[in-house]
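J.: This is the feature table in TrEMBL:
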TRANSMEM  6-29  transmembrane segment
TRANSMEM  50-73  transmembrane segment
TRANSMEM  85-106  transmembrane segment
TRANSMEM  147-165  transmembrane segment
TRANSMEM  177-197  transmembrane segment
TRANSMEM  209-233  transmembrane segment
TRANSMEM  239-258  transmembrane segment
TRANSMEM  279-296  transmembrane segment
TRANSMEM  308-336  transmembrane segment
Amino acid sequence: MDFTSLIISFIPSWTSVGLLLGFFSYLGIAGSILPGKLIPGANLSDGTRLHYRCNGMLSLLLLVGLLIIGAWMDYVSLTAISDRGLELLSTTFIFSVIVTLLLYVAGCKSKDQSASLKPHITGNILDDWWFGIQLNPSFMGVDLKFFFVRAGMMGWLLINLSVLAKSIQDANLSQSMILYQLFCVIYIMDYFFYEEYMTSTWDIIAERLGFMLVFGDLVWIPFTFSIQGWWLLSNKVELTTAAMIANCCVFVIGYLVFRGANKQKHDFKKNPKALIWGRPPKVVGGKLLVSGYWGIARHCNYLGDLLLALSFSLPCGISSPVPYFYPIYLLILLIWRERRDESRCAHKYKEVWAEYRKAVPWRILPYVY
């Protein structure tokens with residue numbers, strides 16, 4: 001593809017706009033009417049709390065089922081996304097900019113003093129647009145922060161499945177593609193199975209909704225986390241049996257650490273007396289967990305996340321750094337986030353945090369970092 005063709009491929013079409021708006025419309029409707037567990041969110045500063053309908057798994061399965069039926073009846077093309085990848089990328093980026101500008105304007109005009117909608121205006125236009133003004137803005141009764149996270153994770157799976165359909169259509173399906181797709185499907189399905197855990201994450205609890213979160217959810221997650229699939233479409237990789245077994249081991253270890261650590265944290269927040277690895281939890285200062293994975297490293301869940309990201313790239317071999325963009329980026333991001341978390345927690349917990357650091361000296365990887 002020459003440079004001119006590359007630029008043209010980024011130009012949004014009405015088809016890409018229709019695909020994106022159709023996807024969002026489906027999510028809004030399905031998320032509102034399909035049954036799902038109603039999960040209370042964290043207590044906000046004014047004593048209120050939001051409730052989240054966790055029906056992401058049902059919404060996803062229904063959507064995939066509808067797409068398969070539509071393809072069987074020749075109403076839709078399973079390669080519609082993979083055929084328009086770059087224009088969908090630019091369309092989603094433009095949508096993110098427009099939405100966050102509207103959120104900025106709405107936040108500036110808001111007189112609401114509730115914890116969810118009270119405007120936090122610094123006076124720096126770029127800063128307020130980037131980080132957001134309101135904590136939990138909504139549209140037609142839909143919490144936008146939770147909605148965009150769900151859209152990003154589903155979008156990642158839909159892109160992968162379309163890339164898989166393209167690979168089958170072009171008759172170049174490889175073991176590497178199957179391995180990559182399998183790992184991603186397990187990871188994303190696991191996310192929606194434990195969707196309620198998302199309600200206790202920092203992004204949902206404390207981050208305001210601005211361009212940083214919207215872009216991260218709608219553009220960054222689906223389009224960069226799927227780079228390995230796009231790369232495998234045009235690059236054939238032959239893996240040895242030993243390499244595939246090693247790759248599976250990395251994925252399994254990463255999954256066990258990631259899911260185990262997050263489950264322990266979520267269970268502890270809901271019930272501070274819940275057993276961890278069959279024993280009562282150990283706590284520093286009555287607040288900070290030092291049992292299970294959280295007694296091994298202060299951010300052991302980050303280690304699991306990094307191993308999972310690496311397992312998504314290993315099926316691509318080592319001939320190019322391109323498929324490793326995701327784990328490299330994630331390593332940089334999580335080290336930065338870990339440093340930010342450490343500073344915030346040190347300020348919040350003061351001497352208790354110093355005691356916690358003595359009890360759990362390692363940040364992410366024991367004996368290394």
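Placement of Cβ uses the backbone N, Cα and C atoms for every residue, glycine included.
Distances, neighbours, how buried they are, the whole picture for these features please.
T.: Tertiary proximity for the transmembrane segment (85-106) is limited to same-chain residues at least six positions away from its ends with a CB under 8 Å from its CB atoms, namely 6, 9-13, 16-17, 19-20, 125, 128-129, 132-134, 137, 144, 159, 209-211, 214-215, 218-219, 222-223, 230.
With a threshold of 8 Å between CB atoms, the same-chain residues lying at least 6 positions outside the transmembrane segment (209-233) that come near it are 82, 85, 89, 92-93, 95-97, 99-100, 103-104, 128-137, 144-145, 148-149, 151-153, 155-156, 158-160, 163-164, 166-167, 170, 172, 174, 176-177, 180-181, 184, 203, 312-313, 315-316, 320, 322-323, 325-326, 329.
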J.: Would you say the transmembrane segment (308-336) and the transmembrane segment (239-258) are touching, if the rule is that at least three C-beta pairs must lie under 8 angstroms and be 6 or more residues apart?
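T.: Yes, the transmembrane segment (239-258) contacts the transmembrane segment (308-336).
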J.: Looking only at residues six or more beyond either end of the transmembrane segment (177-197), which have a C-beta under 8 A from one in the stretch?
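T.: Cβ under 8 Å, 6 or more out: 37, 39, 52, 54, 56-57, 60, 150, 153-154, 156-157, 160-161, 164, 167, 225-226, 228-229, 232, 239, 244, 247-248, 251, 255, 259, 262-263, 266, 308, 311-312, 315-316.
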J.: Give residue numbers and ranges for long-range contacts of the transmembrane segment (6-29): same chain, 6 or more residues beyond its ends, CB-CB under 8 A.
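T.: Tertiary neighbours of the transmembrane segment (6-29) are 59, 63, 80-81, 84, 86-92, 94-95, 140, 142, 147, 150-151, 154-155, 158.
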J.: Residue list, the transmembrane segment (50-73) vs rest of chain: Cβ under 8 Å, 6 or more residues beyond ends.
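T.: Tertiary neighbours of the transmembrane segment (50-73) are 26-27, 30-32, 34-41, 44, 116, 136, 143, 146, 150, 153-154, 157-158, 161, 189, 191-193, 195-196, 199.
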J.: Under 8 Å between C-beta atoms and at least six residues away from its ends: which parts of the chain pack against the transmembrane segment (279-296)?
T.: 257, 260-261, 264-265, 268, 272-273, 349, 352-353, 355-356, 359-360, 362, 366
